[in-house]
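One structure below.
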Amino acid sequence: MNEILQYTVQGLAAGSFYALAALGLAVIFGVLGVVNFAHGACYMLGAVVSALLLQNFGLGFWPALVVVPLIMFVFGILLERLLVRFLVALDPLYNFLLTFGLSLVLVDLIKRQYGVSGLPYTRPEILSGQVTVGDVRLPTFQLFVFAFSLVVCVLVWLLLTKTRIGMIVRASTERPELTRALGVDVGRWVTPVFGFGIALAGLAGVLAAPFRAITADMGSNFVIILFAVVVIGGLGSVLGAVVAGFLVGLVEAFGQAYAPTFAQVVIFVVMALVILVKPSGLFGREESR
Amino acid sequence: MTSAPTTITSVAAAANHLASRRSPLRWVLLAVGLLAALSLPWLVYPPLAMDIAAWALFAIALDLLLGFTGLLSFGHAAFWGGSAYVTGLVAINVGVPFPVAILVGALFAMLLAVPIGFLSVRSSGIYFAMVTLAFAQMLYFFANQWRDVTGGENGLQGIPRNFFGIELIETDPFYFYYAGLPIVLLGMWAAWRIIHSPFGKVLVAIRDNPARASALGYDVQRYKVMAFVMSAGLAGTAGGLFSISHGFASLQELNWTTSGKVVLITVLGGIGTLWGGTIGAALVVMLEDWLATSGFEGIGIITGTVFVIVVLAFRRGIWGTVRDLKARFRSRT
């Protein structure tokens, strides 16, 4: 029983990174129809930038939670303006290939600059301890990551469903022509939404910085698992991305505990089952596949 | 024809359209191609020549699926790498001549492609790319964990080159190239034959208009799976040859970067041109080799940039562009 609680918290913490990044992926796909292969690289950049800010400016974890997503937002905007924009009107596969090439460049640039061994990062004092629940000791940091990302996911969801901006974004996603006819400048929202999606990947990176080894390759497997997450949740479904993100985190944690050899294979088995039963994903609409 | 193509399939369709004209030049081209293939180990370092040939076949296998069925597989490393391991294991443990080992490897790749294809063709477009990618990575994790058989991170070492009793020792990659080349050419011929068969025409029809092909009574899903399996078999042939040529199989062959590299080669050569892959393979393999030998760290910076430029500005690829120019020139005279 104690073990189960431990693995659950561990899984939810791991799932937090997937949920946040997959949310960014889903938002970008919703508005631009682009699957961003460089999302894993952006997650890695988030962590690397946090480490560099700490190393060079002494900027700690808490300010990094705000500063790094802002930096990544600007980076995302540049990316959209300079590259992605030119291919949006074409087959979405072209942007998939473009961002694939881009992620090769980003990963090897970081590798060339900072080597293959990890960058150091110190965990903030307040998060290093453990919380005792009954007779189970749970790492504070895992609880914090889960709570924080859950709050962010809920905020994004509120932003999308309850605000005027969210309404416009959703309308542009579902009926771009009609939205345009109603006098909304759809194109104006494309760039900030892309930047926002990248910022979410960056935020996942900041959260991972004190938790995982910060290397150029940290996003390489991450992005593949992320694809499995959005396939399970349903591409373009915001709720699906978050739920599947946490689900995959749990599968990973329990897999590592009870079948360590095949922990990562289990995720793809789950994906295969979902494809068999519901090809459009758990929360996907039929038309979105 | 001159308007900018918007989808991958329209690029492929344009390339096919040009190809369908029977040109008297095709015999000349065939002769030049064969001559280039035969003289390759005189021009470049022989092991590199074998690499180019293997990657060329791999790219042609992918183009069979991408250019002629309209499916972008981002998981073909599963078949290339899966066959690399099986070929290696057979060559080590059974001691059969290497073409037989490669045949077993290719059959394994086809067998593997049945379930993956069956599940993946339920989706299309970008979904298909992501699903195949994920399944390939599953195999990667599997091989990484199953150390007793695959050697884990060390890879599979010491794969022999038994050629019907003649030992083609490692010091003689020059002769090995000529032993391996017929397999590559046979694979390329098979791809060409598939495309020009009635089966190939159905694939093209499915690519251009799946709904109409389905209305005409073709089982679209089944045809897609069959194309997927055939493509996997050719990719497996190439991968098996690659592992025999190198004498080892590493996890790298199964990694998604390998899937990405073959897509780059195919797109650079020209989607839907079939033979473009040979040029793409020669360029990419030689570029990577040159970067590696000149001590440049971060090959991905260069190959990634090439990829970005090709996708942004050069979507027809080299073969496609040349054909385009030729067609324009001909319509003027």
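Using N, Cα and C of the backbone, Cβ positions are placed for all residues, glycine too.
The annotation transmembrane segment is assigned in TrEMBL to A:12-31 (among others).
Residues 38, 42, 45-46, 49-50, 53-54, 102, 123-124, 127, 190-192, 194-203, 205-207, 209-210 of the same chain sit 6 or more residues outside the transmembrane segment (A:61-80) yet have a Cβ under 8 Å from a Cβ within it. Per TrEMBL, the feature transmembrane segment maps to A:61-80 (among others).
Residues annotated as transmembrane segment in TrEMBL: A:92-110 (among others).
Sequence annotations record features per position, and here TrEMBL assigns transmembrane segment to A:143-160 (among others).
Residues annotated as transmembrane segment in TrEMBL: A:189-211 (among others). If one looks beyond the transmembrane segment (A:189-211) by at least 6 residues along the same chain, the residues whose Cβ comes under 8 Å of a Cβ in the stretch are 13, 16-18, 20-21, 23-25, 27-28, 31-32, 34, 36, 39-40, 42-51, 61, 64-65, 68-77, 79-81, 84-85, 88, 121-124, 127, 141, 145, 148-149, 152, 156, 165, 168-169, 172, 218-219.
Counting only same-chain residues 6+ beyond the ends of the transmembrane segment (A:223-251), those with a CB under 8 A from a CB of the stretch are 7-8, 11-23, 25-27, 29-30, 35, 37, 39-41, 43, 103, 153, 156-157, 160, 173, 264, 266-268, 270-271, 274-275, 280-285, 288-289. Positions annotated as transmembrane segment by TrEMBL: A:223-251 (among others).
For the transmembrane segment (A:257-277), the list of distant contacts is 3, 7, 221, 225, 228, 231-232, 247-248, 251: same-chain residues at least six beyond its ends, Cβ to Cβ under 8 Å. Residues annotated as transmembrane segment in TrEMBL: A:257-277 (among others).
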